[in-house]
Structures are given as structure tokens and as C-alpha cells.
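As recorded in Swiss-Prot:
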type	residues	note
DISULFID	CYS251-CYS384	disulfide bond
CARBOHYD	ASN102	N-linked glycosylation site
CARBOHYD	ASN108	N-linked glycosylation site
CARBOHYD	ASN116	N-linked glycosylation site
CARBOHYD	ASN173	N-linked glycosylation site
CARBOHYD	ASN212	N-linked glycosylation site
CARBOHYD	ASN227	N-linked glycosylation site
CARBOHYD	ASN255	N-linked glycosylation site
CARBOHYD	ASN310	N-linked glycosylation site
CARBOHYD	ASN330	N-linked glycosylation site
CARBOHYD	ASN383	N-linked glycosylation site
TOPO_DOM	1-11	topological domain 'Cytoplasmic'
TOPO_DOM	33-440	topological domain 'Extracellular'
TOPO_DOM	462-509	topological domain 'Cytoplasmic'
TRANSMEM	12-32	transmembrane segment
TRANSMEM	441-461	transmembrane segment
Amino acid sequence: MGVSSRARWVALGLGVLGLLCAALGVIMILMVPSLIKQQVLKNVRIDPSSLSFGMWKEIPVPFYLSVYFFEVVNPSEVLNGQKPVVRERGPYVYREFRQKVNITFNDNDTVSYIENRSLRFQPDRSQGSESDYIVLPNILVLGGAVMMEDKPTSLKLLMTLGLVTMGQRAFMNRTVGEILWGYEDPFVNFLSKYFPDMFPIKGKFGLFVGMNDSSSGVFTVFTGVQNFSKIHLVDKWNGLSEVNYWHSEQCNMINGTAGQMWAPFMTPESSLEFFSPEACRSMKLTYQESRVFEGIPTYRFTAPDTLFANGSVYPPNEGFCPCRESGIQNVSTCRFGAPLFLSQPHFYNADPVLSEAVLGLNPDPKEHSLFLDIHPVTGIPMNCSVKMQLSLYIKSVKGVGQTGKIEPVVLPLLWFEQSGMMGGKTLNTFYTQLVLMPQVLHYAQYVLLGLGGLLLLVPIIYQLRSQEKCFLFWSGSKKGSQDKEAMQAYSESLMSPAAKGTVLQEAKL
């Protein structure tokens, strides 16, 4: 086989290979997006065979609860009508462990479960210990006084007598552990005995009683196996399709997810909605910006200005009233009537009147705004920091001597941050399976298409060059034949008689 023949077959082979590569690239361009979508849907639904099921069942990411207290520096002056001065103490950090138990798959494409939660103090991450003493408003005294304000004078006098007998004061000096996880107080038994409708609490009293070694109730959520459009959405909480704490149907609705995973394939127009049993309501976060977390593209969602706006600023929130200044939410209806308010830390994004009424507050968007960074393709959180503040409304109540001359004020008690970020083996698995592989497939389809196009050019160029050589050879042969004929004619003319005479004459000259 000659050299030209081998070259022809090589060019033809490369052309066939290029055609196959180009065809495969086109097929991948048409099919890969659908394949990636199917793979994502398969792995984010709540199903024992899905990649994310283990992550959903027992969160492998270390979560931390960081608590900051607002210690009252001038309690005596506050009782005399002066402005409160507070000093931030903390953080007191707890590692949070969560595990779903009693998982039951139902026939209507839902799954029911209880999520057990436990908190363990982390001394190495904390600025202090659980034995630190902190001066705070006595919630039982000052909160109870506000709750009794419209009651008959005789009841208020009975309450005052009970407070005096038990040595209760407007402000208390207790340890971090007691404030959070509860303390024995005879006044609690007194209140539950004489005012059972107003104070249906028994045993220990603490701000976070019921949050440790406990659960947030029974959740029933959609799995997304049969109906993807409802994936992760809460169907019921404790058997309820809506709560009854608020004064409008919209505010009582249980919307969104349980706050751990959301529907995949988000866009900047998507919102992040979830139901929070601790806040007794559903919340909605909005898109702020696109970011990158450890090489993974994310969307950052933050709290809009309307989250805790009052009804006059944002009419849909009217159902959460009675309201005070904008930026705080009255949660008394789900906290036994106690005048407690929820907001962002240091009254960030709230009416400035609130932070100006208390010395020592410095709202800062970098320090006090909440955010969730979500991988938009899967709806799985990569990095989150949820920050909330709990405040108590206090004032002087006529008939309750312990309230002195306290001016009406929403006084911050503490703020807390629940934070966590994906890392380690979990992050590597997530990145490889749900980010790297789709990216490889995405780029491979265009590489194959480009390579196929280049290889297809090989036989085309070879054919063009072969035709050019043939043309040059044919042209060269034709020209050579014409020159040979001309030379022969010229030689014959020289041998003729006339030509000979001419030559001799020229020689003589």
C-alpha cells in the first residue's frame, strides 16, 4: 500500500472519529441538562435511596447556638425612671445535635418525623462559663406586672403581697445556666396556683426551657417522590395545617419548609420560606446576591425589611398585632401572654426609637443581620447564620409596687445565633457528586463538539490538497508536451533549404 493510500485512510478514519465526537457532543447538549435534572431530583428527595437522605435524617454539619446577654448595668436607676444601660455579655456557645426519629412514610407522598435536639456547652468557644452571674429583668415580676395591668386592683395587691413575701425584685442576678435552662422558684408555683389561666407553667422557669433534650413537635412534610412541586414543603405541624396564634388567616398559615432543605433549581426570583415553631410563624427570606462558598456557587438570602414590620408599615403583618414600633414582633400570644418581642439583634432594621431608648445598643448589618447561603441547583444550605433577639416590654404598673417608676421600654434580654457551615467529608461528597460531575459533563459536551469539528476538517483538507496536486500535475504535463512540439518544429525548420542558405549567408558575414 502506497503512502498516499495510507494517508487517505488515516484522513478518512479521523473524519469518522470527528463525526462520532460531534454527534456525541450534540446528543450531550440535548440530553445532559435533562440527565442532571433527573440526577438532582433523585438525590434531593426524601427517600432512603437518595444521596441526601442521610444528611436529612441526621445533620452531619456542626451547628452552634451562640447566646449573648444584655446585662442591665443600672437597675436601681431604671426603677427610678432613668434610661436603661446595657452591656453585652457572651457569647455562650452550645453545640447543637439534631436527629430525626419515628420516621414514617405516608401514602400521600409525605413523611412524618420528630426531630430530637440536644445542646452541649462549648467552653473553648465561649467567653465565660454557665456559672457566670448576669443581671437581667425579672421576667416573672416585670412581665407578670404588665400582664396584670388591666386586672382588678385586688388581684394586683395579691400579686404584690406574694412578691414581697417571696423576696422577689424587679431585677434578678442569676447564672447563665439558670437563665437559659431554668431555676426553681416558689413564685412560679404561686402564680400557677392563683393565676392558672395566665401562668400555666410549673416546675423550672427559664428562657430556653424545653429546647434542650427535646423536640419541636411532629412535622409532616412532602417527600417529592411522587409530586416534585411540593418537595420539602410542610404539610402539617403537630397535626395542624395552620396555627391559631394570630389574628388573620394569612399570618396563621404554615408555609414553606421545615427550614433545612428547599426545592432545587432556584433563581434570583425565588424566596426562602420556612415555618419556625420557636417564632410561632412562617418566615420568608429574599434573594440578596450570588456568592461562592468553598468553590460552590450559592445564593444568599436575607431578611427583608418587612419581616418584623408592623401593620401600619406593612399591612399583611396586621395579623401579628397588637403592634408597637416597626421592626419588632409581639409573640405574647404564643408565650402565655408574656409581653415578649422578637426582632433582629440590637433592633437592627427596626424603628430607631427602640435602640435610642436603651443605651449600649449598636445595630450593625455585618454583625446582626441573618443570612442563608443556598446551593441553587439542589436547594441545600451551605452556610447559614440565623440571628434573633428576645426583648421584654416593661413599665411601671399601678398597684404593683415592685415596678417603681420604670418608664415604658422594650428592653432586650438576649440575642442568639444559630450557625453552621458544610465542611469536611460531607462537603467533598457534595462537591464531587452534585457540582463537579455536572460541570465535567457540561464542559465535556462542548469539548467533544469542538474536537469533532476539528477532526472533520482533516479529510476535507486532505481532499482539497489531493485535488490541487492532481491539477498541478495535469497542468505541468500539458505544458511540457506543447514545448516539445514547438522545439521539434523549430528543429525541422532549421533543416529546410531556405534555412540552410540563410545560415551560410550569416556565417559569411
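Glycine too: its Cβ is placed from the backbone N, Cα and C atoms.
The two recorded residues, CYS384 (disulfide bond) and ASN227 (N-linked glycosylation site), show a Cα separation of 28 Å. Each of the glycosylation sites ASN116, ASN227, ASN310 was ranked by the number of other C-beta atoms within 10 Å, and first place falls to ASN310. DSSP assigns ASN227 (N-linked glycosylation site) to coil in the three-state reduction, placing it in neither a helix nor a strand. DSSP classifies CYS251 (disulfide bond) as helix under the three-state reduction. Reduced to three states, the DSSP call for ASN310 (N-linked glycosylation site) is coil. Cβ contacts within 10 Å of CYS251 (disulfide bond), excluding its own Cβ and spanning all protein chains shown: 19. Here ASN330 (N-linked glycosylation site) is compared against the glycosylation sites ASN108, ASN212, ASN227, ASN383, and the shortest C-alpha distance is to ASN212. Other Cβ atoms within 10 Å of the Cβ of ASN255 (N-linked glycosylation site), summed over all protein chains shown, number 15.
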